[in-house]
Amino acid sequence: MLTSCDSRLTTVVHLRALAQGTLVQRQQERISRRCQMALDIALPVLVVLITFLHDTLLAFHSAIPKSAICLWSYITSPFQNFLTPLDFDEPVGHPLPKPRLKSQALVVLAMMQASGWLATLVYTFIIRDTTTMIRASLVFIAWLYVSVRIMVKLPCTPPYSSILFASLHAFVSFFNILFDAPETITWIHIVDLLVPLIFVWLAGTFPLQNIQPGERVANKDDMPSVALTCPEDSANLWTWFTFAFVEPIFTIANQRTLGETDVWSLSPYFKHKNLFNKYLEYREKNPAHSLIRFLLVSNSLDLILDVTLELWTAVIGFVPAYALRKILSTMEDNTPKNRKTAYFWAFITFLAHLSFAQKDLIQQWHTRRCYERTRGQLFCIIHYKALKRQDVNGQVDTEGKSNSADLGKIVNLMQGDSYALAQRFWEFSAIVASPIRLIIALIFLYDVLGWTAISGVVVVLIAYVLNYPLARYNIYITRQSWEAKDTRMTVVNELLQNIRFLKFYGWEYHWGGKASGKREEELSWRVRENIVDTAISFIWTWMPSATALISFLSYTLIAKQRLTVSVAFTAIALFSQLQEPMTALPGQFFAMLHAYVSMQRIEHYLEEEEVPVWVSGLSSSSFPESDGRIGFSDATFKWPKSSISNDNFRLGPLDVFFPKGKVSLISGPTGSGKSAMLSAILGGRL
């Protein structure tokens with residue numbers, strides 16, 4: 001009898017525990033459902049609320065203090081295009097007509113949604129469903145505001161805030177249909193999904209620009225031709241998003257070989273003339289700003305988009321690894337609920353990889369824009385400086401080095417430093433996102449492996465300690481390599497320019513050997529650079545494998561933990577995520593340092609002295625009064641102040657005028673000042 005009582009008592013305890021567990025589970029599900037509903041409401045309605053605040057501020061623009069407007073303009077300036085149609089020399093196109101019929105269709109679709117949610121609001125009010133009534137009222141007000149906003153001011157370009165709101169609404173509706181019980185899905189849920197999707201598609205057919213930047217912008221139906229500019233400027237949101245505007249050139253390429261006349265001309269936003277005129281305007285307003293600051297300002301919008309998209313990959317890139325962990329852990333107990341959870345995370349993984357594919361397209365386009373814009377600006381700036389700089393060839397400092405860039409160095413600046421600097425703008429975001437990916441991966445590893453993940457961090461720190469002296473030596477080698485290349489280019493240019501005289505005197509072999517010696521010196525620096533790069537690459541190539549090995553050994557041997565399937569595969573996925581930034585970060589870091597050296601070389605070149613304004617100025621007001629004669633009157637010329645000799649060479653006094661329309665012959669022994677006299681006429685001496 002005592003045994004029977006004990007068994008009954010045990011049964012009661014088990015039933016009570018089961019009831020409490022069921023009650024807790026129901027409470028958790030109820031809380032989760034409320035949080036999900038709040039999130040479903042918050043995201044779309046927040047977009048409309050921000051849009052309403054923006055429209056309100058625009059409506060009362062005159063009442064806002066001028067200081068606040070200036071501050072807002074300063075904050076938002078990096079998010080605007082560097083060039084505007086007002087900066088173009090060529091005439092811009094006429095404003096495009098407003099797509100009135102499409103706007104009316106958008107209003108009808110928004111009113112349909114508002115009417116449906118109004119009916120839902122009335123129904124939930126009758127049945128006293130407070131939670132659904134709050135959601136219906138907020139969504140009804142949001143859709144009503146969207147319809148009124150479009151009705152009051154017909155859009156010329158895609159209404160981005162309305163597109164974002166409708167996209168979030170459709171996304172929420174899709175997930176509710178996908179993961180709710182099938183018997184609860186009605187035709188109302190299907191309509192609530194389809195109407196926002198149609199709204200988004202129709203709004204995306206609006207042109208991206210209401211005024212085309214030129215009169216020769218190619219349309220989607222035009223054959224590619226050099227007489228037309230890039231059709232990106234006439235694309236709508238969907239043709240740009242899918243890059244369908246470049247398909248016509250693929251059609252021709254499949255039929256025959258492309259020629260120069262089959263490629264579109266550059267958009268006015270990327271023509272070097274417009275970019276350079278904007279640079280001159282910027283330098284006039286901000287003479288104290290450095291070149292790197294100008295390049296960052298001119299590429300700010302593309303760089304912000306590039307960094308944002310790269311951060312998306314850095315953060316969302318760990319979603320597949322997290323989803324894999326969830327799938328493996330839920331499949332250990334094969335129940336219908338766990339299978340549903342596994343399907344959910346599999347679908348999330350699919351969406352993540354789909355977003356990565358689209359993100360790569362958009363990011364590559366914007367990074368290429370940065371590269372082309374930066375390279376064109378640097379080419380124009382270096383050319384412009386070459387036309388204004390003083391010719392002081394032969395002048396040296398106290399160490400015997402030239403103070404001025406010669407032809408060889410200018411060529412290197414054009415073909416080497418400009419490309420190295422422009423390439424950094426192409427790969428700018430990687431050096432920002434790689435440390436973030438490293439930190440997220442290590443935190444995630446700590447969550448999976450516990451404290452044993454710290455052993456992998458120790459390995460990473462050791463690698464950085466070994467890498468530091470190599471980094472400093474690599475920068476030193478880079479500077480010496482560029483200087484050796486400049487010297488080699490100078491000697492080769494002198495050899496080629498004076499080859500006739502050298503052959504006449506029989507000095508060609510001596511100068512050929514001199515050029516070969518400079519080339520050997522340049523190659524010796526390149527060999528050292530390759531050795532250092534190989535050592536650095538070796539350190540960071542074995543680093544991910546060493547990190548994984550040390551972490552797993554610590555987890556199993558020291559912590560005495562069991563390496564389950566979910567832990568092992570999740571950790572391997574995280575280590576693969578860790579490998580890319582580990583191997584890429586050192587290369588990106590050194591490439592950035594090399595670009596810094598190139599930037600210093602270009603800025604040093606741009607700081608060289610220039611000829612007077614009366615020599616290089618184009619406006620008539622900059623020229624002194626003249627009687628039309630060409631020559632000198634009691635003139636003396638000399639080198640600029642820096643020289644290894646206290647007694648500077650002087651040319652003059654000169655008192656000679658050259659007859660117009662006749663050839664004047666200047667003769668004299670070597671070193672008498674013939675070339676210096678010609679340079680003085682052109683403003684090359686002070």
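Glycine is treated like the rest: Cβ placed from N, Cα and C.
Automatic, uncurated: that is what TrEMBL annotation is.
As given in TrEMBL:
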| type | residues | note |
| --- | --- | --- |
| TRANSMEM | 41-60 | transmembrane segment |
| TRANSMEM | 105-127 | transmembrane segment |
| TRANSMEM | 133-152 | transmembrane segment |
| TRANSMEM | 159-179 | transmembrane segment |
| TRANSMEM | 185-206 | transmembrane segment |
| DOMAIN | 313-589 | domain 'ABC transmembrane type-1' |
| TRANSMEM | 451-470 | transmembrane segment |
| TRANSMEM | 535-558 | transmembrane segment |
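Sequence-distant neighbours of the transmembrane segment (105-127) (same chain, 6+ residues past either end, Cβ-Cβ under 8 Å): 133, 136-137, 139-140, 143-144, 146-147, 150-151, 159, 162, 169, 188, 191-192, 195-196, 198-199, 202-203. With respect to Cβ pairs under 8 Å, the transmembrane segment (535-558) is most closely packed against 451-470, considering the stretches 41-60, 133-152, 185-206, 451-470. Long-range Cβ contacts of the transmembrane segment (41-60) within its own chain (Cβ-Cβ under 8 Å, at least 6 residues beyond either end) map to 134-135, 138-139, 141-142, 145-146, 149, 161-162, 164-165, 168-169, 172.
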